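Positions annotated as domain 'WRKY' by TrEMBL: A:81-145.
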Amino acid sequence: MAISTHQLDFEDFLLLRHYPETASSTSLSPLNGGSWGWEVPGNSACLDYSYMLQITNEGCAKTMEGEEGVGKFKIAFRTKSGIEVMDDGYKWRKYGKKKIKDNPNPRHYFRCARQGCKVKKRVERDGEDGHFVITTYEGKHNHQT
DNA sequence: CGATTTTGACCGGCGC
DNA sequence: GCGCCGGTCAAAATCG
């Protein structure tokens with residue numbers, strides 16, 4: 001599979017980063033509704049998968065600072081691609097499928113096939129925009145590609 | 001033959 | 001306390 005990637009059309013995509021306990025404090029802004037935030041890169045004209053992987057690693061490092069981790073890093077991005085599952089070099093084992101209320105489309109749950117690797121991957125196809133795919137990564141790989 | 005996928009059911013958490 | 005939604009696991013079947 002190989003992502004083939006290389007150059008997917010990331011014309012429209014959103015990057016979502018999640019920070020476990022960023023000082024949530026007692027009062028979370030109602031506007032945020034949590035510690036989730038959407039980030040949209042300025043020049044998203046051409047973003048390649050490698051870039052996303054970098055972001056992932058970076059985020060992991062930050063989030064896991066001090067913790068062993070395995071943790072709780074979560075990143076999600078919506079891409080405008082007909083391909084839902086792109087191969088990022090890791091082997092994924094599907095462990096579930098579920099239909100979400102918000103989306104009439106089924107959501108696929110993947111998990112890294114490597115032992116000791118508790119990374120989870122969630123892929124949801126946008127039913128209204130068939131060409132949009134929301135991929136969410138959770139956790140950190142204990143091994144290199 | 002082994003690993004992986006598939007569907008359904010079960011469980012847990014959150015909300016009201 | 002009950003209901004809803006989402007997530008995970010499990011057994012069987014399939015593919016390579």
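Cβ from N, Cα, C; glycine included.
What you are looking at is a predicted structure, and each value in this text was computed from that prediction instead of being measured.
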Reported in the order helix, strand, coil, what are the DSSP residue counts of the domain 'WRKY' (A:81-145)?
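Per-class counts: 0 helix, 28 strand, 37 coil.
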Averaged across the domain 'WRKY' (A:81-145), what pLDDT does the model get? Just tell me the whole number, please.
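Taking every residue in the domain 'WRKY' (A:81-145) and averaging pLDDT yields 81.
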